[in-house]
């Protein structure tokens with residue numbers, strides 16, 4: 001019996017060897033990383049953006065009434081909301097914050113006495129603090145860091161619009177925030193995200209400040225927003241106590257500060273998205289903003305409309321340039337897994353800056369008035385202005401209630417006090433500008449690496465987080 005054996009020779013053997021080598025090679029070599037799809041916002045994205053914009057408008061409308069009280073409560077809740085975003089997800093927390101704001105608006109609208117109004121304002125402030133912070137978190141979930149500036153500018157535009165319209169309609173129509181709050185609840189019902197984390201983390205994790213850019217941006221976020229409120233609250237004092245404008249005319253006169261900042265904000269956001277660098281933008285913007293504060297210190301009884309409008313516009317352009325680019329710079333060195341905590345921390349720092357932006361200049365002005373009050377010949381006027389009374393009585397009606405020459409003496413005291421207020425602002429702005437020179441540009445991510453966001457109908461849920469969520473930019477790794 002003979003047994004035949006099959007052997008492979010010649011070209012067949014070579015082909016099989018080659019095939020085996022290719023298989024082994026493909027197993028040994030790592031798979032090439034698939035490039036993330038280009039970010040292309042669709043209808044659902046713009047629907048959510050409409051809701052975010054409406055909510056930002058709603059939250060900013062109420063800033064003109066009892067601002068100090070609202071800011072304290074807003075600052076208190078923002079770090080907490082940041083961690084709650086990671087625990088309960090974005091959707092229900094946004095709905096809860098909006099409902100809280102709506103409840104506070106309802107209490108304010110139905111207030112029968114001052115105590116009830118203050119209580120409602122506190123609830124409203126807590127709700128608005130959560131709303132403003134979560135808006136930025138949701139935006140960070142939807143848009144890659146490199147393109148985020150464009151869409152952040154849209155949100156800030158609506159926020160600025162609310163700040164501008166607030167003095168006009170906030171007092172006369174107390175139910176406007178209530179109705180907008182209900183509208184926002186309906187809009188955000190469409191926002192779908194989920195997630196639950198049992199991770200127990202601090203409200204402000206120290207790891208957020210490991211990179212030098214994070215530290216500098218945190219400090220300058222505080223300083224910049226302090227100076228923004230500094231100007232917004234003390235320009236009206238100039239117009240009423242020195243220029244002797246009515247309250248209504250004063251509201252119109254500070255429009256350049258709000259409106260001119262918007263184009264500067266949009267241009268800066270486009271520049272960051274285009275070139276991916278923010279250091280030079282921060283330096284230039286803060287320098288222009290500081291120049292604007294210096295120009296405002298020159299205002300007196302004879303300053304023309306063209307002059308004060310120019311001074312405001314210079315400051316507003318510089319302020320707007322920095323305004324939109326601070327949050328992306330703070331988020332850049334932080335992995336996606338910490339974006340909610342980073343956004344909440346940044347919002348907390350910003351709000352605290354706003355609180356001190358009213359307290360510090362008020363103390364400077366009152367102390368300066370106490371030293372200059374001896375130049376006023378009327379003892380009754382001196383008694384009303386000392387001990388903090390200058391801030392309280394900084395109205396045209398108060399100044400006009402005195403005859404000449406006492407009226408001119410009071411105006412001169414306010415003029416000199418406000419001059420010092422804005423010169424102190426120049427010192428703070430200059431310090432912030434110097435700090436920006438030590439900032440480092442961090443690569444802005446072009447891909448979106450988050451377990452939250454808009455769910456693509458073609459992609460099934462995997463139930464696991466992206467493996468890239470803890471990844472840092474290359475230059476951040478090198479720095480660490």
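Cβ coordinates come from backbone N, Cα and C, glycine included.
The model shown is predicted, which means the values in this text are computed figures rather than measured ones.
Annotated compositional bias 'Polar residues' per TrEMBL: 1-25, in sequence order.
Per TrEMBL, the feature compositional bias 'Basic and acidic residues' maps to 471-480.
Annotated domain 'Major facilitator superfamily (MFS) profile' per TrEMBL: 1-442, in sequence order.
Feature annotation from TrEMBL assigns region 'Disordered' to 1-27 (among others).
The region 'Disordered' annotation in TrEMBL covers 460-480 (among others).
What TrEMBL records for 92-112 (among others) is transmembrane segment.
The transmembrane segment annotation in TrEMBL covers 118-138 (among others).
What TrEMBL lists as transmembrane segment is 150-169 (among others). Tertiary proximity for the transmembrane segment (150-169) is limited to same-chain residues at least six positions away from its ends with a CB under 8 Å from its CB atoms, namely 49, 52-54, 56-65, 132, 135-136, 139, 142-143, 176, 232, 251, 255, 258-259, 261-262, 265-266, 269-270, 273, 323-324, 327-328.
Annotated transmembrane segment per TrEMBL: 175-191 (among others), in sequence order.
As annotated by TrEMBL, transmembrane segment applies to 212-232 (among others). With a cut-off of 8 Å between Cβ atoms, the residues of this chain six or more beyond the transmembrane segment (212-232) that come close are 163, 254, 257-258, 282, 286, 289, 292-293, 296, 315, 319, 322-323, 326, 329-330, 332-334, 345-346, 349-354, 356-358, 360-361, 421, 425, 428-429, 431-432, 435-436, 438-442, 479.
According to TrEMBL, the feature transmembrane segment maps to 252-272 (among others).
Taken from TrEMBL, the feature transmembrane segment applies to 417-438 (among others). Within its own chain, the transmembrane segment (417-438) has Cβ neighbours under 8 Å at 212, 216, 219-220, 223-224, 226-227, 230-231, 234, 237-238, 241-242, 279, 282-283, 286-287, 289-290, 293-294, 296-299, 360-361, 364-365, 368-369, 372, 390, counting only residues six or more beyond its boundaries.
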Beyond the flanks of the transmembrane segment (252-272) by at least 6 residues, Cβ under 8 Å: 149-150, 152-153, 156-157, 160, 163-164, 231-232, 235-236, 239, 243, 245, 278, 281, 285, 308-309, 312-313, 315-325, 328, 444
